[in-house]
Amino acid sequence: PEENGHQNKRLKRDADEEDAEDQSKKSPKRKIVLLMAYSGKGYHGMQRNLGSSQFKTIEDDLVSALVQSGCIPENHGEDMKKMSFQRCARTDKGVSAAGQIVSLKVRLIDDILEKINNHLPSHIRILGLKRVTGGFNSKNKCDARTYSYMLPTFAFAHKDRDVQEEVYRLDKETLEKVNRLLACYKGTHNFHNFTSQKGPRDPSAKRYIMEMYCGEPFVRENVEFAVIKVKGQSFMMHQIRKMIGLVIAIVKGYAAESILERSWGEEKVDVPKAPGLGLVLERVHFEKYNRRFGNDGLHEPLEWTEEEEKIAVFKEQFIYPTIINTEKEEKSMANWLNTLSIHDFNSSAVELQANNKNSK
């Protein structure tokens, strides 16, 4: 019996050790948000497309790092609903982010950020983490999103001027005109002409823009650039690129200013879409959530003041150089500007169809 007693104790000790291991595997899952920054070049956007592995997305790399670091079990990587995963904004192909937010349930392991980042490429970084309420959903709880669009200022040169791209500098009057036009977007408008697959009577085509302006130009590697900022409640696919594309077409003299008012009406208007390269998701806003839960003693407000410096460093290291170098090598803006003359900014779609029939 004595021997048996010892054996029982030993078995119990082994079982306890196994339990502890199991416990660490099952360490409680918590709802968190991650602050992400990434350079989107070479990716087909943020959102994962399960089943189409040839189109690599940011989330493919993120999920793989979460599994490898031990934050989530492998089957959660295959079925993202299991970890209640939600991204705040579904950035398009080639678009970068300095302040993307994703919400998910993870095991809160030690040195969690360092471990996740160890399994990510250097152009994708997790810069911050905060605990949030159990029902938090980064997409639904977001009140507004701020994007920036960095472009070479020669995009605003009038079409009748012969412009040397490296020599061009934006004058004060042109910048004022750009800002006057961008300010027209403020408020609620029907943006059905600024996206595809939405009809003029679709209520979801109405969007609210809080601010939109172009900052002072600056020179990088001999080329002058400027950054347009836009803050809105939410945006549809390609909406920002088309908003900027139309302003460029007006400033260059291809389209009349009256096209802005027309584009919010019911008729179909030909709105050009500026390249995706310069677009960056700057930050996402959770004002209502912060008011309700930010100071309840259990949760922190979703503000990232402490991470601002890391965000700025990441942009300088990975986002701006990618935009500048790609622009110089691939000339995405210069090539796109050459296509503006093909657009018909004067006729409505109805008139175009009638003209086509007549010419036939």
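Just so it is clear, glycine is given a Cβ too, placed from its N, Cα and C backbone atoms.
Quick caveat, the model's predicted, so the values are computed rather than measured.
Lifted from TrEMBL, the feature list:
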- ASP92: active site, nucleophile (ACT_SITE)
- TYR147: substrate binding site (BINDING)
- 185-287: domain 'Pseudouridine synthase I TruA alpha/beta' (DOMAIN)
- 1-27: region 'Disordered' (REGION)
Task: Run through the domain 'Pseudouridine synthase I TruA alpha/beta' (185-287) and tell me, per DSSP, how many residues are helix, strand and coil.
output: 25 helix, 33 strand, 45 coil
Task: Averaged across the domain 'Pseudouridine synthase I TruA alpha/beta' (185-287), what pLDDT does the model get? Just tell me the whole number, please.
output: 95
- request: Give me the Cα-Cα distance between ASP92 (active site, nucleophile) and TYR147 (substrate binding site), rounded to a whole Å.
  value: 12
